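Reviewing the structure listed below.
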């Protein structure tokens with residue numbers, strides 16, 4: 001009895017292998033995708049959903065959460081600190097883009113065969129290797145009132161030193177300058193690798209046609225660097241939007257909150273010593289997520305188009 | 001990083017819990033005593049307790065001082081120790097109100113702590129019950145450079161007017177009258193607290209931090225008016241200066257006065273100052289006749305609601321409240337004992353602090369960020385920082401603080 005099902009399966013299963021093959025062909029991709037999808041679900045989708053959910057509550061992380069609907073968002077609309085953060089995020093986004101042309105410029109400059117060029121290249125790449133925390137510390141000493149180099153220089157020129165990190169109008173630009181330092185190096189490396197794959201025959205042909213300087217760069221070299229530009233754009237936008245470490249190290253959002261960005265404001269409200277307004281922090285996170293989503297969907301749309309060869 | 005640390009602590013906890021012997025009861029204590037002096041003080045405290053209670057083994061988990069503030073919220077709800085240290089005043093209110101701390105009024109009753117720990121009774125009481133036992137505090141006041149005073153030829157001021165007129169002389173000599181570093185926000189709150197305590201008194205200050213008085217009140221404006229008098233004589237750009245960097249202004253004689261807590265004495269001395277050059281004075285009088293109040297942040301020990309060994313934990317609280325224990329512990333800490341029968345070490349700053357605290361008939365405040373709830377404290381301290389940089393924006397600052405007050409104290 002116990003044997004018969006096996007036999008019957010074998011005998012009646014003349015078409016079964018094909019069916020099974022078809023089934024397994026359908027199933028296999030899902031099986032291979034399953035671990036990744038599982039991780040994505042646990043570490044990305046569910047937390048996003050939870051964050052949105054928490055943003056409708058008033059919750060200090062200890063006491064029971066209390067449903068308040070859209071009140072957190074209503075408060076955001078009336079919160080000066082939120083607008084300051086939003087404005088700073090926009091400034092970050094715009095000025096961080098400078099890293100791309102500057103990185104390209106340095107890459108073009110370094111893309112030559114001179115004795116010891118590798119050393120120069122690695123020196124230019126050096127800031128990207130340093131941790132953001134160290135970059136932040138170096139720049140806060142650079143700006144420090146009293147003993148900072150920058151302060152001393154401005155004191156020498158203008159009589160009175162400029163304490164960048166204590167000035168509400170300058171502080172964000174001061175931090176962005178610190179952030180640009182490693183970001184330019186990053187873009188430079190991307191362009192250097194891109195320049196390696198520029199086709200020499202096209203350059204040659206362009207030269208025969210009399211293209212030179214800017215024209216050569218704009219019409220011949222840059223189009224070939226498009227993949228590098230795309231990646232540089234993506235990492236720079238994401239880098240600008242998630243700027244947190246430099247703000248935290250250099251100013252803690254100060255002076256009086258004027259250098260906050262959304263991610264730092266979210267941290268302050270939800271997780272810092274004086275925070276623990278989980279709902280409000282989550283609401284800020286949702287707004288930041290929505291802004292990021294604009295860019296992310298743009299990128300996905302472009303990649304999808306490229307893949308389909310449009 | 002934080003996750004790793006939590007995991008490491010969890011592993012440590014599991015590792016430590018296993019070897020506990022069956023007949024010996026264990027008592028776990030979580031503390032932020034990570035600096036050398038507090039660590040030595042806790043070591044010595046626990047040795048003393050174990051000597052008196054040989055059947056109890058105290059297991060200590062030491063956390064990094066800053067990380068502790070986050071960690072406590074996790075371990076209170078997840079894996080509760082039997083004892084945890086924290087701070088008095090409104091800082092413990094969130095844990096009391098969410099039922100994370102045990103009511104220990106019985107320990108206070110049985111050991112007569114209401115008398116012996118009287119200076120801290122009000123800051124340990126919420127809803128008429130006591131929620132922990134205080135073991136140390138330290139005074140705030142003005143630390144000054146005696147050499148600078150001598151050089152400029154001014155006397156240590158008794159009143160705020162004298163202080164301001166001294167400032168003019170310091171300015172003429174190219175010295176900042178008052179220095180501070182408000183990068184971490186809280187040093188500005190020390191100045192505000194004292195100005196308010198001296199202008200309006202303890203009761204008003206407590207009502208203000210409790211949200212019972214609008215920030216746009218005229219009496220609050222009076223405090224800022226007093227503050228405005230000293231702003232021109234204060235080190236510029238304080239918002240970009242760490243409090244330790246401001247210490248070097250005093251050490252180098254670039255500034256004369258610094259409103260600080262007694263813990264800064266160690267930093268002053270590291271910079272090369274001695275008892276001969278570093279002076280301490282009580283914050284000068286502003287409104288004559290109001291009872292003198294002082295500021296002294298208090299550190300405390302609590303029993304979490306999830307404690308497994310409550311009986312021994314209460315024994316521990318009774319032990320740490322004792323006069324002789326607090327004397328010994330605070331000698332190690334370099335701070336002041338709360339117990340009125342304790343004695344103070346012969347350090348001149350501690351002696352001075354003990355004198356002003358034990359004679360403060362107005363009351364003893366904790367500190368702005370411990371008396372006011374977190375959200376109010378944060379907004380307030382940012383406002384103070386902004387006021388020091390842009391005193392002309394006072395109206396906008398006060399309106400903003402009032403808006404925050406109406407939101408924070410609503411529930």
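Cβ atoms are placed via backbone N, Cα and C, with glycine included.
A TrEMBL annotation is a machine prediction, not a hand-curated record.
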Which range is it, out of A:27-46, A:47-66, that shows up in TrEMBL as transmembrane segment? A:27-46
Name the range, of those listed as A:27-46, A:90-111, A:170-195, A:216-241, A:280-301, that has the largest tally of Cβ pairs under 8 Å with the transmembrane segment (A:123-144). A:170-195
The recorded stretch from A:27-46, A:90-111, A:170-195, A:216-241 sharing the largest number of CB pairs under 8 A with the transmembrane segment (A:280-301) is A:216-241
Mind checking which residues reach the transmembrane segment (A:216-241)? Cβ under 8 Å, same chain, six or more beyond either end. 89, 92-93, 96-97, 99-100, 103-104, 108, 179, 183, 186-187, 190-191, 193-195, 197-199, 202-203, 206-207, 262-263, 288, 291-292, 295, 299, 302
